[in-house]
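Chemist: The structure follows.
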Amino acid sequence: MTHINSALEDADPNIASLIQEESKRQENHLELIASENFTSKAVMEAQGSVLTNKYAEGLPNKRYYGGCEHIDKIEGLAIERAKQLFKAEWANVQPHSGAQANFSVFLSLLEPGEKIMGMDLSHGGHLTHGSPVNVSGKWFKAIHYGVDKETQRLEMENVREIALKNRPKLIICGYSAYPRNIDFLAFRSIADEVGAYLLADMAHIAGLVATGIHPSPIPHCDVVTTTTHKTLRGPRGGLILCRNAEFGKRFDKAVFPGSQGGPLEHVIAAKAVAFGEALKPGFSSYCEQLVKNSKALAKRMQDRGIAVVSNGTDNHIVLLDLRSIDMTGKEADSLVSAINVTTNKNTVPFDPKSPFVTSGLRLGTAALTTRGFDEPAFLEVADLIADRLLNPTDLILKNKCQQRVLDLCNRFPLYD
């Protein structure tokens, strides 16, 4: 029994040491991966609590296990806060991830072999929106739409034509590398015209939707899924929302027992904490600054001669088109990684390179904005990235860029 009272550094010094090393990496690197953010200590405290010990299959007050009286209250708070935050009538907070949330929707609304329609992965879509390597592309007949070749933005008339030609059962809007606002009302009109369900996957923009900076999909879509991290700043997890409570109930059974067993109640508690944080006024200020930072970053990259997909951004994503400097995403990712800037290579629309090489580099402002970075700081970030990419063989400049990164990290510390 004594093992349960041992501190991690005593029970498993190897893991404790690696966690400490990762903590140092996060503190001393510039985190620009668009799907990552930093949670509060309160969120981490909830997730690392005794709630991890409890099994709670079912829904609040409808459990298959006893001893859930406190769990029910915690999950109930998470549900009510999610509904309040997004102005939804129904919510399920149990999905372990955004992918699980999407799969639960498919399980509820579709039969194998039916048609789904989502954005092409290389244009900014997501694996779970019909990619052939994902179950969504294996079980369903996937049709894809993309952006205009010139503007690199969605042209809704083109989306409409593809929908009319293919008559999908489900249309998906919401993306992983699309830096512009989404016209949910236009998607609703198209879905109605072809008799399709409409799913919005707002995983990347949930924080912006919650604060009204991005238009909400809730009034226009049959169902909405999201992750709870990214711009929402919560723990890694998923969430399903509906404007209609009766319609939403069908997804409860799709989550459990349809696609999951016991919910992760320690993560659900952390979600509740994050939703509570997002309901406070300071979160709106954070999201407003996040977008300002993105626009500043995009403009400075363009000023330095590096093209930006769609010629700018409306959200936290800045997607660089490195064909403008004759460089691949793989090369660029390696170059900035060497100065402790964390990004990811990414395809750009109509990319001639493979997904393992790519012509793009995806940047995101969510994590550094959490650290307190403002527009002047992001101009510094843009300049050191541009300096590195435009002078890849200059080792003296590389060392200077490394020091500039460390100076920025010291000016904007992560955790006390």
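Heads up, the Cβ atoms here are built off N, Cα and C, so glycines get one too.
As annotated in Swiss-Prot:
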- L121, G125, H126, L127, S354, P355, F356: (6S)-5,6,7,8-tetrahydrofolate binding site (BINDING)
- H229: site 'Plays an important role in substrate specificity' (SITE)
- K230: N6-(pyridoxal phosphate)lysine (MOD_RES)
Chemist: Tell me the Cβ contacts of H229 (site 'Plays an important role in substrate specificity') under 8 Å, same chain only and six or more apart in sequence, or just say none.
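Modeler: The list for H229 (site 'Plays an important role in substrate specificity') reads S35, E36, N37, T39, P235, R236, G237, given in order along the sequence.
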Chemist: Validating a neighbour-count step here. Other CB atoms within 10 A of the CB of L127 ((6S)-5,6,7,8-tetrahydrofolate binding site): how many?
Modeler: 16
Chemist: Can you see whether DSSP assigns L121 ((6S)-5,6,7,8-tetrahydrofolate binding site) to helix, strand or coil?
Modeler: helix
Chemist: Where among the recorded positions H126, K230 do you find the Cβ with the fewest other Cβ atoms within 10 Å?
Modeler: H126
Chemist: Validating a neighbour-count step here. Other CB atoms within 10 A of the CB of L121 ((6S)-5,6,7,8-tetrahydrofolate binding site): how many?
Modeler: 24
Chemist: Max Cα-Cα distance in Å among L121, G125, H126, L127, S354, P355, F356, the residues listed as binding (6S)-5,6,7,8-tetrahydrofolate?
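Modeler: The (6S)-5,6,7,8-tetrahydrofolate-binding residues span at most 16 Å between Cα atoms.
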Chemist: In sequence order, what residues of the same chain, 6+ apart, have a Cβ less than 8 Å from the Cβ of G125 ((6S)-5,6,7,8-tetrahydrofolate binding site)?
Modeler: G118, M119, S131, H144, Y175, S176
Chemist: Name the residues of the same chain, 6+ apart in sequence, whose Cβ is under 8 Å from the Cβ of F356 ((6S)-5,6,7,8-tetrahydrofolate binding site)?
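Modeler: Listed in sequence order: K330.
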Chemist: Using C-alpha atoms only, work out the spacing between H126 ((6S)-5,6,7,8-tetrahydrofolate binding site) and K230 (N6-(pyridoxal phosphate)lysine) and round it to an integer in Å.
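Modeler: Cα-Cα distance, H126 ((6S)-5,6,7,8-tetrahydrofolate binding site) to K230 (N6-(pyridoxal phosphate)lysine): 15 Å.
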Chemist: Helix, strand or coil by DSSP: which one applies to the residue listed as 'N6-(pyridoxal phosphate)lysine'?
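Modeler: Going by the DSSP assignment, the residue listed as 'N6-(pyridoxal phosphate)lysine' falls within a helical segment, counted as helix.
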Chemist: Whole-number Å distance between the CA of the residue listed as 'N6-(pyridoxal phosphate)lysine' and the CA of P355 ((6S)-5,6,7,8-tetrahydrofolate binding site)?
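Modeler: The residue listed as 'N6-(pyridoxal phosphate)lysine' to P355 ((6S)-5,6,7,8-tetrahydrofolate binding site), Cα-Cα distance: 22 Å.
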